[in-house]
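Per TrEMBL, the features are:
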BINDING   GLU65, ASP170  divalent metal cation 1 binding site
BINDING   HIS100, HIS122  divalent metal cation 2 binding site
Amino acid sequence: MIFFDFHHHYKNSVSGIYNAEPGERPSAGLFSAGIHPNYISDHNEETIKWLYETAQNENCVAIGECGLDGLLATDFQLQKEIFHRQILLANEVNKPVIIHCVRKFYELIPFKKIAKIPMIIHGFNKKEQLAKDMLKHDFYLSFGKSVLHNLSLQKLLEQFPVQKMFLETDGQDFEIELLYRKTAELKKMTPEELQEQIFTNLNNIGISVPE
Ligand SMILES: [Zn+2]
């Protein structure tokens with residue numbers, strides 16, 4: 001069984017959504033395309049042009065990862081502007097947004113109000129209260145490797161609605177199956193039931209996965 005990896009950076013992986021790098025045109029499989037705050041520079045028009053073209057590709061199932069990063073030196077106003085433009089694009093092409101966020105979670109909320117499409121915060125490993133607040137604003141959360149060893153995150157997952165979650169490897173080298181097994185155990189489900197639920201969630205955010 002191949003478990004669905006919601007967000008990863010491995011070009012050769014057969015499962016899930018590959019995150020394309022600016023300028024790249026993936027040839028096979030589902031992918032997401034966006035401008036990570038790391039890629040913001042003084043001349044973004046070229047990257048934005050790439051994104052607008054790439055977003056039309058039928059295998060491009062989401063815009064992202066993009067978002068707000070409080071640890072980067074990049075001007076925060078500029079980060080917000082580039083994020084905003086990507087949300088408008090996502091609205092236009094009717095594709096969900098995969099969000100990268102560091103320390104600026106509450107600043108995502110005004111953007112959620114602009115978005116007409118679902119938003120998924122990837123790599124979530126923060127506190128339960130923050131998860132609840134994000135849930136209240138209708139964000140989905142995608143969880144990664146931290147779930148395997150972070151006890152407070154495991155407790156959070158026990159309470160977290162399975163209808164609002166995804167699972168991912170991101171840039172970490174480990175088997176996604178381990179994460180499905182651990183999460184299924186926490187949710188008192190079988191890994192297969194969890195996978196089924198994740199497919200339903202994907203469907204709910206407008207992503208159809210080829211058989
Ligand atoms: Zn990533």
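Just so you know, glycine gets a Cβ as well, placed from its N, Cα and C.
Between HIS100 (divalent metal cation 2 binding site) and GLU65 (divalent metal cation 1 binding site), the C-alpha separation comes to 6 Å.
Taking CA atoms as the reference points, ASP170 (divalent metal cation 1 binding site) and HIS122 (divalent metal cation 2 binding site) are 8 Å apart. A strand conformation is recorded for HIS100 (divalent metal cation 2 binding site) in the three-state DSSP classification. Across the structure, GLU65 (divalent metal cation 1 binding site) and HIS122 (divalent metal cation 2 binding site) place their CA atoms 8 angstrom apart.
Looking at GLU65, ASP170, the binding-site residues in this record, the fewest other C-beta atoms within 10 angstroms of the C-beta turn up around ASP170.
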